[in-house]
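Summarising the annotation, TrEMBL assigns active site to A:ASP133. Marked as substrate binding site by TrEMBL: A:LEU80, A:CYS81, A:HIS82, A:MET118, A:GLU119. If you look up TrEMBL, you'll see A:20-155 marked as domain 'Molybdopterin cofactor biosynthesis C (MoaC)'.
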There are 6 protein chains.
Amino acid sequence: MSAEEDKRLTHLDAEGKADMVDVGAKADTERVAVATGCVRMAPETLQAILAGNAKKGDVIGVARVAGIMAAKRTSDLIPLCHPLALTKVSVDIEPDEALPGLRIRALAKLTGKTGVEMEALTAVSVTCLTIYDMAKALDKDMVIGEIRLEEKLGGKSGHWKRGERD
Amino acid sequence: MSAEEDKRLTHLDAEGKADMVDVGAKADTERVAVATGCVRMAPETLQAILAGNAKKGDVIGVARVAGIMAAKRTSDLIPLCHPLALTKVSVDIEPDEALPGLRIRALAKLTGKTGVEMEALTAVSVTCLTIYDMAKALDKDMVIGEIRLEEKLGGKSGHWKRGERD
Amino acid sequence: MSAEEDKRLTHLDAEGKADMVDVGAKADTERVAVATGCVRMAPETLQAILAGNAKKGDVIGVARVAGIMAAKRTSDLIPLCHPLALTKVSVDIEPDEALPGLRIRALAKLTGKTGVEMEALTAVSVTCLTIYDMAKALDKDMVIGEIRLEEKLGGKSGHWKRGERD
Amino acid sequence: MSAEEDKRLTHLDAEGKADMVDVGAKADTERVAVATGCVRMAPETLQAILAGNAKKGDVIGVARVAGIMAAKRTSDLIPLCHPLALTKVSVDIEPDEALPGLRIRALAKLTGKTGVEMEALTAVSVTCLTIYDMAKALDKDMVIGEIRLEEKLGGKSGHWKRGERD
Amino acid sequence: MSAEEDKRLTHLDAEGKADMVDVGAKADTERVAVATGCVRMAPETLQAILAGNAKKGDVIGVARVAGIMAAKRTSDLIPLCHPLALTKVSVDIEPDEALPGLRIRALAKLTGKTGVEMEALTAVSVTCLTIYDMAKALDKDMVIGEIRLEEKLGGKSGHWKRGERD
Amino acid sequence: MSAEEDKRLTHLDAEGKADMVDVGAKADTERVAVATGCVRMAPETLQAILAGNAKKGDVIGVARVAGIMAAKRTSDLIPLCHPLALTKVSVDIEPDEALPGLRIRALAKLTGKTGVEMEALTAVSVTCLTIYDMAKALDKDMVIGEIRLEEKLGGKSGHWKRGERD
C-alpha cells in the first residue's frame with residue numbers, strides 16, 4: 001500500500017457512494033482463490049462430532065454441502081459482488097485436536113473478469129455457521145475464527161499469497 | 001453438559017442421519033440472541049474506512065444492510081435451520097483502534113418456537129464478509145474472527161450468557 | 001403529519017442508523033393492503049398485447065404470476081421489510097384504452113404483526129416490469145407509473161384510504 | 001414499428017405460448033442500459049429524508065444498495081429474463097425540490113448476448129420501493145412514477161435513446 | 001369428488017384467473033404430509049452409489065440435504081403456494097434392489113393454516129433430481145418416478161391416506 | 001459403461017467427498033438437453049383442467065412459467081450443479097387422454113462448459129409440481145412420473161439419445 005491512489009476503496013466512486021465496480025474491460029483469465037477458517041470448541045464437542053461422523057458422516061458432510069451451495073450465492077449476499085459462473089468449488093474440513101476444533105479450507109475457481117476471493121471466504125463462513133448450528137445443542141461456546149484469504153491466482157495482480165509482500 | 005443424553009447432536013436422528021428437528025411442540029416465546037465478531041486489519045485500512053465513512057458512511061452502511069438482509073436468509077443458507085418470521089434485526093459496527101479493526105454486534109428477535117442464534121451469527125458473518133469485500137483492494141490480509149454467541153433469551157433453556165455456567 | 005414525533009423515519013433508530021424495527025410487541029391482526037399502478041404504451045402495443053392475450057392469455061397471465069411470486073419475496077428485496085407469511089395475494093390487470101395501456105391492482109393479506117403495503121406495492125412493480133419485458137420488442141417507450149398505495153386495513157393505524165385524511 | 005413482423009411479441013412463440021427466447025446465436029457485445037424513475041412525496045417528507053440523510057445518509061444509502069442487489073436478481077423476478085453476468089450496476093438518487101421528491105437513475109452493463117434494460121429498470125423499481133418503505137411512516141401518499149428506459153447501447157439494435165426515432 | 005362445487009380448481013377465482021387463495025380464516029392446526037418417489041437405475045449404478053455410500057455416505061447424504069433445503073423453498077418455486085414456517089422436514093432414502101434403484105420418502109410438518117403436501121412433494125422431487133445429478137456420469141437412463149402424496153393429516157379434510165376413499 | 005474408470009461417480013473426488021467438479025478446462029460449446037415427464041390423474045381432473053384451460057389458460061400457463069423460472073434456479077437447488085447462463089428454456093404441456101393426464105417436455109440451451117440436463121429435468125419437475133398444486137383440491141391421487149432425459153447435444157459426449165447405445 002504505497003501510492004495514495006491505491007488507498008481508494010474500490011467500491012466507492014469518485015463522489016464516495018457505493019457501486020458495483022465496472023469489470024467489463026478486464027480480461028477473462030483463470031482465477032483461483034483459497035480461504036481458510038476454523039471453529040474452536042470443547043474437546044468433548046469435537047469428539048462427539050467425530051464419533052457421529054465416523055458412523056454417519058453427517059455433521060461434516062452437511063456443512064460441506066452448505067459451504068459449496070453458499071459459494072454459489074455470494075453475489076446474492078454481498079451487495080457489491082458480481083454474479084459469477086464458478087467453474088469449481090471445493091470445501092475441506094479437518095479435525096485439529098490441538099485447536100481443539102475443525103479447520104475449514106475452501107477453493108473457488110472461475111474463468112472470468114473478476115476474482116473469486118469472496119466466493120471462497122463465503123464458502124468458509126457458511127461451512128463454519130453450519131457446524132455451529134449442528135453442534136450448538138452440545139456447546140454454545142464454540143467460536144468461529146481466523147477466516148482469511150490464503151492465496152489468490154489470476155487477474156492483474158497475479159499471484160498473491162498470505163505472508164508474502166503484496 | 002452433564003448428562004449423556006445432552007450430548008447427542010440434535011440434528012442427527014436415532015439412526016444418525018441429519019434432519020430438521022421437530023419444533024412443533026415447542027411454545028411460542030420471545031427469543032432474543034446477540035452475537036459478535038470482528039474484522040482485524042492494518043491501521044491504515046481502518047483509517048481509510050473511517051475517513052470514507054466520515055464523509056459518506058458507505059462501507060459501514062452497506063455492510064450493515066448486508067448483515068440485516070442475510071439474517072432474513074439464514075434458513076436458505078444453513079441446511080437444517082427452520083424458516084423464521086424475525087420481528088427485529090439490528091447490526092452495530094464500531095471501530096476499535098486497539099484491534100485495529102471493526103467490531104460487529106448483531107441482535108435478532110422473534111416470538112416463536114425456536115431460537116434465533118443462527119440468525120444473529122449469520123448477520124455478523126455476512127457483515128464481516130461485506131467489510132472484507134469493500135476494503136479488500138486496500139488490504140487482502142484482513143482476518144475475520146471471534147464470531148460467537150454472546151447471549152440468548154427465551155425458550156426452554158432460559159437465559160444463557162457467555163462465560164456463565166450452562 | 002402534525003406532531004414532531006411522527007416525523008421520525010421509523011427505520012432510523014435513535015442514532016440514525018437503519019434497522020429492521022421491532023414489531024414483536026404488535027398485535028396479530030388481519031392486515032390488508034391494496035396498491036395500484038399502470039404501464040403506459042402506444043395504442044398499437046396495447047392492441048398487440050390484447051390480441052395475443054385474446055388468443056393465448058400469455059402476456060397478462062405471465063405478468064400476474066410474476067407479481068404474485070414477487071409479493072412473496074418482498075423481504076428478500078426490501079432491506080428492512082420483515083419476512084411475512086402472507087395468507088393471500090391477488091393481482092388484476094385491466095386494459096385502459098384511454099391511457100392507453102394496462103392498469104394493475106394488487107391485494108395482499110396477512111394475519112400478523114406488521115402491514116403488507118410493501119408486499120402489495122412489490123407485486124404491482126414486478127407485474128409492471130414483466131409487462132415491459134414481454135412487450136419491449138414492440139415498444140421501448142413504455143412508461144411504468146403511478147405506483148401507489150390505495151388502501152390499508154388493520155394494525156394500530158386502522159383504516160387508511162388514499163385521499164382521506166390520515 | 002413499421003413492418004408487421006416487428007409487431008410480434010418476442011416472448012410468444014409461433015403457437016402463442018410464453019418462452020425464454022433463444023439468444024444463443026447472438027453476438028457477445030458490450031451492452032449498457034440506463035433507466036430512470038422518481039418518488040413523489042410531500043415537501044416535509046423530502047426534508048425529513050434529506051435531514052436524516054445529511055446526518056446519517058441512511059435512507060438514500062439503503063435504497064441504493066437495495067437497487068444494486070435487485071439488479072442482480074432480475075432473472076429471478078422476471079419470468080422470461082435470461083440470467084446475466086452483469087459487469088457493472090450503479091444507482092444514483094438525487095433530490096428534486098420541484099417534484100418534490102427523489103429522482104433515481106440506474107445504469108447496468110454487460111458483455112453478453114442480450115440487453116440489460118430489465119436490469120436497469122428493476123434497479124430503479126426496487127430503489128423506489130425501498131424509499132417508500134423507509135419513509136412510509138411519514139407519508140403513505142408517496143407515488144412511484146415515470147419508470148422508463150432512457151438509453152440503450154449494444155446489440156443488433158445499436159444505440160437507442162428515448163425521444164429519438166427507433 | 002361428489003358435488004359440482006368441489007370440482008372447481010381452487011387456485012382459479014370466479015373469473016378463472018390464477019390467485020394465491022385466501023387461507024386467512026383457516027384455523028392453525030398441526031399439519032403433516034408424507035410423500036414418496038423413486039429413482040430407477042441400472043443395477044450397476046445402484047451398486048456404485050451404495051459402494052460409494054458405504055465408504056463416504058455422500059450421494060445419499062447430499063441428496064437428503066438438498067431435499068430438506070428445497071422443502072423450505074417451496075413457496076419460491078410453486079407460484080401459488082403460501083410461504084410457511086415449517087416445523088419439521090425429514091427425508092429418507094432407501095435402496096431397493098428389486099426396483100432397482102432408490103426409494104425416497106419425505107415428511108413435512110407445520111402448525112398453520114394450510115397443508116404441507118407441496119413441501120413434502122418438493123422435497124422428494126429435489127432429492128430425486130440430486131441423485132440423478134450425482135450419478136448421471138454413470139447412467140443417463142435413470143428415470144425419476146412415482147412421486148405422489150401418501151398421507152396427509154390436519155386441516156378441514158382431516159386424515160387422508162392414498163388408496164382409502166376421500 | 002465399459003471401463004472401470006467410467007464408473008466413478010463424478011461428484012465424488014479421490015477421497016470420496018462430494019465437490020462441484022472443475023469444468024474450467026472444458027470447451028464452450030452449444031449444449032442442448034430435452035427432458036420429459038408426466039402427471040397421471042383421474043379423467044375428470046384432466047377434463048376440469050382442460051375446461052378451465054380452454055377458457056382461461058391458467059393451470060397450464062402458470063405451470064409453464066413455474067417450470068421456466070425453476071430452470072434458472074437449478075444451481076440454487078441442486079448442490080453440485082454449476083451456475084449457468086442459460087440462453088433458452090422452453091416448456092410444453094400436452095394433454096394425453098390415454099394416460100390420462102398431462103405430458104411435459106422441457107428444452108434447455110446454453111453455450112458453455114457444462115451440460116444442461118439438470119436444467120431441463122428441473123423445469124419438468126417443477127412444472128409437474130405446479131400442476132399438482134393447482135389441481136390437488138380436485139384430486140390428491142395424481143402421480144408425477146417418468147421424469148427422464150430424452151436427448152442431449154454438445155460437449156465431449158456428443159449426441160446422446162435415450163434408447164440408443166451410449
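Cβ from N, Cα, C; glycine included.
Annotated features taken from TrEMBL, shown on the structure.
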residue: A:LEU80; record: substrate binding site; CB count, 10 Å: 24
residue: A:CYS81; record: substrate binding site; CB count, 10 Å: 24
residue: A:HIS82; record: substrate binding site; CB count, 10 Å: 22
residue: A:MET118; record: substrate binding site; CB count, 10 Å: 27
residue: A:GLU119; record: substrate binding site; CB count, 10 Å: 28
residue: A:ASP133; record: active site; CB count, 10 Å: 25
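In sequence order, the recorded positions from A:LEU80, A:CYS81, A:HIS82, A:MET118, A:ASP133 that place a Cβ under 8 angstroms from a chain B Cβ are A:LEU80, A:CYS81, A:MET118, A:ASP133. Summarising model confidence by region, the domain 'Molybdopterin cofactor biosynthesis C (MoaC)' (A:20-155) averages a pLDDT of 92.
Checking the recorded positions A:LEU80, A:HIS82, A:MET118, A:GLU119, A:ASP133 against chain D with a Cβ-Cβ cut-off under 8 Å leaves A:LEU80, A:HIS82, in sequence order. Here the recorded positions are A:LEU80, A:CYS81, A:HIS82, A:MET118, A:ASP133, and none sits under 8 angstroms from chain E, going by CB atoms.
Across the structure, A:HIS82 (substrate binding site) and A:ASP133 (active site) place their CA atoms 28 angstrom apart. A straight line from the CA of A:CYS81 (substrate binding site) to the CA of A:ASP133 (active site) spans 26 Å.
A gap of 21 Å separates the Cα atoms of A:ASP133 (active site) and A:GLU119 (substrate binding site). DSSP gives A:CYS81 (substrate binding site) a coil state; it is part of no helix or strand.
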